[in-house]
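A.B. asks: One structure, pasted below without further comment.
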Amino acid sequence: MQETSTRDARAMAPALAPGRIVACAPALGRLSRALARIEAAVAGLAVFVVFSLLMANVVSRSFGRPLIWTDELAVNCMVWAAFIGASVGLAHRQHIAVMLLPDMLPGRVGRAMAIAVDLSLLLFLGVLAVVLWRWFDPVGLLKAETLEAFSADTFNFIYQEPTVTLGVSKFWFWLVLPVFCLTAMLHVVAGLAAHVAERGEAHP
């Protein structure tokens, strides 16, 4: 009796994990879409700020009183817009891709390839997360009494290096990297859950 129960549990184990993913797929999809709408609005605002700064720079130069800080702020706003837009692209599957081979494959193989792509993206984002964790070093920052002590101990000046013309820390602009990493992970996990759910529906 006990051996039978053990075999049944082992047989059910592989089905439980995909089942949980399928159950979470709708909620993850809704969360991903809601976040993508917010990101699209933020990216649009950043692009508008870039346009406004460039126009202000043109007008100020025409009067012989250029605003020297507008170029640097415009560049950093464009970087924010690019990374946030990249996250939105992951949410909507709008990044450039060569679809010749997936379109030629049978449905089952194509879905398996889509899952493999999602897993590859997660691997890349996981490596990026590790690199960012080591770079931002929040644990070391919490242990240090001051930013100066943190920089002296680690030779990491991420929190103290200022921008050239704005005079604020570059950290606030580099912060887009962990933001992108987290939101992109959510979008990829939502897409992975959707692909697993589709595969489960096609092969119950």
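For all residues, glycine too, the Cβ spot is worked out from N, Cα and C.
Take a look at what TrEMBL says about it:
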type: DOMAIN; residues: 52-193; note: domain 'Tripartite ATP-independent periplasmic transporters DctQ component'
type: TRANSMEM; residues: 40-61; note: transmembrane segment
type: TRANSMEM; residues: 73-91; note: transmembrane segment
type: TRANSMEM; residues: 112-136; note: transmembrane segment
type: TRANSMEM; residues: 171-194; note: transmembrane segment
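In the displayed structure, how are the listed features positioned relative to their neighbours?
C.D. replies: Panel annotation: around the transmembrane segment (171-194), residues 21-22, 24-25, 28-29, 31-32, 35-36, 39, 76, 79-80, 83-84, 86-87, 90-91, 93, 115, 118-119, 121-122, 125, 128-129, 132, 136, 158-159, 161, 163 of the same chain, lying at least six beyond its termini, place a Cβ under 8 Å from a Cβ of the stretch.
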A.B. asks: Grab the same-chain neighbours of the transmembrane segment (40-61) for me: Cβ-Cβ under 8 Å, and only residues 6 or more beyond its ends, written as numbers and ranges.
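C.D. replies: Here the qualifying positions are 67, 70-71, 73-74, 77-78, 80-81, 84-85, 88.
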A.B. asks: Across the domain 'Tripartite ATP-independent periplasmic transporters DctQ component' (52-193), what are the DSSP residue counts per state (helix, strand, coil)?
C.D. replies: 106 helix, 2 strand, 34 coil
